[in-house]
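Notes follow once the structure below has been shown.
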Amino acid sequence: MPRSPYRSSNRSYRSPSPSRYDRSHPSSSSRRQDDRKASRYDDDYSRDRERDRERERDRTRDYRDRDRDYDRRRDKDRYRDDDRDRRRRDDKDDRRREERDRGSDRKRDSERRSPMSTIRVDPIVSLASPVPETEEEKKRKAKERLETWKRQRALKEGKSAAATPEPKSTAPPPVTSGLPPKPTAFSLSRIGLPLKPTNPTPLKRSMAALDDEDTSDRKLQKLDLPDFDPEVQSGDAAQVGSIGADLAVADGDEDDDTVVKKEEEKEEKMDIDKKAEEDEEEDPLDAFMRDNVQQVVEVNKADAKRMGLRVAEDGSDDENQGQVVEKDKLAEAEALLQQAAAKSRKKDLPPPDHSKIDYEPFRKAFYVPPVEVLEMDEEEAELVRLEMDGIKIRGQDAPKPVRNWGAFGLPQGCLDVIKHQGWETPTSIQAQAIPAIMSGRDVIGIAKTGSGKTVAFLLPMLRHVRDQRPVSGSEGPIAVVMSPTRELASQIYKECQPFLKVLNIRASCCVGGSSISEDIAAMKKGAEVVICTPGRMIDLLTANNGRVTNVRRTTYIVMDEADRMFDMGFEPQVMKIINNVRPSAQKVLFSATFPKTMESLARRILVKPLEITVGGRSVVAPEIDQRVEVRDGDTKFTRLLEILGEMGEEHKDEDDFRTLIFVDRQESADDLFRELLQRGYVCASLHGGKEQVDRDEAIKNFKNGDVPIIVATSVAARGLDVKELKLVINYDAPNHMEDYVHRAGRTGRAGNKGTCITFITPEQERFSVDIVRALEASKAFIPDDLKKMSDSFLGKIKSGKARAAGSGYSGKGLERIERRREEKDRAEKTTYGDTSEALSLSSREGAVIPYKAKTNEFKPPETSHKGEADYTFTEIKVDIVNGPAPDRVSSQPVFNPKNAVASLPAQTLAALEKAKKEGRGVDAANLANVVAKLTQSIELTKAEKLGLAAATSAPRLAPGARTKDPDATDWHAIFPINDYPQKARWKATNKEQMTLLQEVSGASITMRGRFYPPGEEPALGGEPKLSLLIESNDEMRVRAAVEEIRRVLVEGSVQALNAVDRAGASGGRYAV
């Protein structure tokens, strides 16, 4: 709103005019009378009206937004003050006070005119302080009044006929008690209220001036009245006065007691009200927490009674409460172990009873041989296989190879895609594997890298899926393709995309490293084909207690790069998946290398498989130019830069020229990547330690040509298909022949030319044997220095100076998994108190795991599992001994009758057996005595030989001669920890934990002995097994320390078991 031009300069903008509403102000009338100022008045009026509206609006908002409680109290005080001020300013109150004063004056005048005024008590006497009367004086006065009343009554009866009654006094009788008199007509105003007293005391005047209520505290007291002669009064006046006085006295006595009782009741009510107010003012949060504490106490008592613990009563000592707390801690530890055991079994897929499941029937034989194939005899078929890179088949009733795509019986959509891709004829592995798979046979396909193995199992899979009804909801996939690496799974998924579109088949790629929620969503929508890694497939099958997906409809399983998959430790996951699939499902295994040791595992999974081998088991393609250079490690990087420069000059006309550099470690890949970046080369690194997103982005950029160089570990040696890849450099030599074949196979794919250069140092001579073998198999040139290195190492092996390198992908992951299983079982048995079947790791080194041959007989699996209640630690018992701890813990078992006979020498045992055969009896007691003496003498002889005869014989000769150590404690316990897992031992014996244990328990804890591996026992006279010695003069402290150590070992054992479960799927230096 614009400002008025007539605003006064001495006022603020929002303040009203001081004389705006003051009608008595002279300027007001003059302003109205002055016509020249009329417009200004109107402007000021409108301005002030708008200003008042704004002020009222602000006042309303403040009232609405005010603090309720505070403002109410403030307004209450304000209203009371305003009411008091208003009563003081009101003229009506003054008139009422004047009327009361006039009524009091009339009352005094009437009292003066009354005849009773002659016996009025002097006000000075009435105002005197009362003198307390004794009981005798009260009785005497009452008796005198009674006699006076009798005389007056007798006089009245004698003169009742003749005497005329005197007029009664209209004045009220004199008040003889401390209570105020009852109101009469003289003491009432015109409206029936008592008049104001004429002579109020100064105290009453001051209280009336300060307070708005005329309330005063009244004291009940009796006045000491003077005696009077009843003869002075005539007529009934004396009677009335005396009787009224007597009644007043009686009423006063009664009122004193009544008032005291009422005051006591009032105080009790006030106390009750205060308590009620205190209860009402209690904080709701405090009340809620108090109720929770009571409920917790009740629940703890109920749990303690249910568990058989003694519940401590109120006022019990802290010792009983400490025992209950220790029991609770132990229960929590056992619950923690049960939870860990449940988690370890969470991803377990128990095999179902296939005989009780009604599976849908399916068809897996689709191949119908064409006429030209039917007319071909076996000799012609062998010639065709020989022309196609020497195809070798093992198995019965193998189909004949096919040379054109139309003879496979594929859908028309697949043929259109094949024509669009420009594939003229099938490759060797495709010509033989596709007819075999489409005939419904289990197949093992072994072919060189880049030979089209992926299409060899994809086309039969699509025909197989197309024959069945679509998947609806969460029925599960029809076909499952498993690969060892995420990159290979993604590549298979991309390669089958063109076929999926034309056939209207849904597929999902489920690999680790990404969120599982997307995979779960895809499974719920339904997918006929799932391309996955084994670990992620297990996660999907166990997600939400198996309600996400299942493999009941799965009838086609592919394991690509099967040997690498088992070598990386995927055997448990793969076997779980296969055991859950129906036994009649079709299974296919493909790989470029398939060692003979893997055949037993393959035949365990497959049923009468056909083994198809193209070009040898581990052979580099002839299109690849292989070069091997022997040089020192310091010169490798310089030579690498020279090769990159030379190749760049040779292929400068080619825009798409890619290079793949292999190293053996993730750190080496990152270091070499940084070195190449500093030299100006655009490159990327690829290894298992990188996130999945980074790995996918690196492969995508490499295939697109944005990054021409990639430094990778062997994680990229499988399935990476880049047609423009012309150069592969093995910066670090591969450690076995199969790895060399797969690394070199990344180039020269689909008939293209490629180059593979390998660096090997003199320190890596053990790898030279496999490289020479691979070069010989592929008929490549072998350098002289490499041949000399290989022959030298073979000579060392023959002489026993060196050990041969590993044979590559031979299933070493299976042995590693088996060892881990033994470690886990041993840890569980040790933790649960059973060490009878503990085995030494050294006894399992180099052991060959036997595989049972696959049979057609199906046996329902055992589904009985131990419950979680078995995971308890009740077997952990430690004896608390009353006495000082021994100086040395014996490493040999204590002699007892159970092991008495077993501990005898071989000659003694032979003599006993001979005596039994001859029928001679042997007394058990005599035998025990003899055995004890023999054992003692044998030990003494051994000790003398070791030079310990004096130390061992002295205690035996004089057992009581040993003096007690003044620092020895009264109680001790020995807690053995040698057989617990390493994580549990470390957790119980680290410095911080030992300090904490001593502070909590108050006992002394020291570590004795040394660690012995499982299966190894201490030698005679050697240090005992690792244990903890607990000492204290208080038994409760020793017991508390034992319980605390027990809890720590339980938690450490749980963590060790979980670590073994997590590490089961990953092993070796190859990470997924």
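Note that Cβ sites are derived from N, Cα and C of the backbone, with glycine treated the same way.
Noted in Swiss-Prot for the protein shown:
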BINDING   A447, K448, T449, G450, S451, G452, K453, T454  ATP binding site
COMPBIAS  1-19  compositional bias 'Low complexity'
COMPBIAS  20-114  compositional bias 'Basic and acidic residues'
COMPBIAS  136-159  compositional bias 'Basic and acidic residues'
COMPBIAS  193-204  compositional bias 'Low complexity'
COMPBIAS  258-277  compositional bias 'Basic and acidic residues'
COMPBIAS  813-831  compositional bias 'Basic and acidic residues'
REGION    1-219  region 'Disordered'
REGION    245-293  region 'Disordered'
REGION    803-839  region 'Disordered'
MOTIF     403-431  motif 'Q motif'
MOTIF     560-563  motif 'DEAD box'
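Taking the features listed in Swiss-Prot, we show where each one sits on the structure.
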{"residue": "A447", "record": "ATP binding site", "Cβ contacts under 8 Å, 6 or more apart": "T427, S428, I429, K453, A456, F590, A592, I612, T613, V614, G615"}
{"residue": "T449", "record": "ATP binding site", "Cβ contacts under 8 Å, 6 or more apart": "A592, V620, A621, V741, H742, A744, G745, R746, R749"}
{"residue": "S451", "record": "ATP binding site", "Cβ contacts under 8 Å, 6 or more apart": "T427, S428, I429, V614, G615, A621"}
{"residue": "T454", "record": "ATP binding site", "Cβ contacts under 8 Å, 6 or more apart": "Q491, I492, E495, D560"}
Helix, strand and coil totals (DSSP H, G, I; E, B; other) for the compositional bias 'Basic and acidic residues' (136-159): 23 helix, 0 strand, 1 coil
Which of G450, G452, the listed binding-site residues, has fewest other Cβ atoms within 10 Å: G452
K448, K453 as binding-site residues, winner by CB count within 10 A: K448
Listed in sequence order, residues not in A447, K448, T449, G450, S451, G452, K453, T454 with Cβ within 8 Å of the centre of the ATP site Cβ atoms: T427, I429, A592, R749
Residue counts (helix, strand, coil, in that order) that DSSP gives for the motif 'DEAD box' (560-563): 2 helix, 1 strand, 1 coil
Integer mean pLDDT for the motif 'DEAD box' (560-563): 82
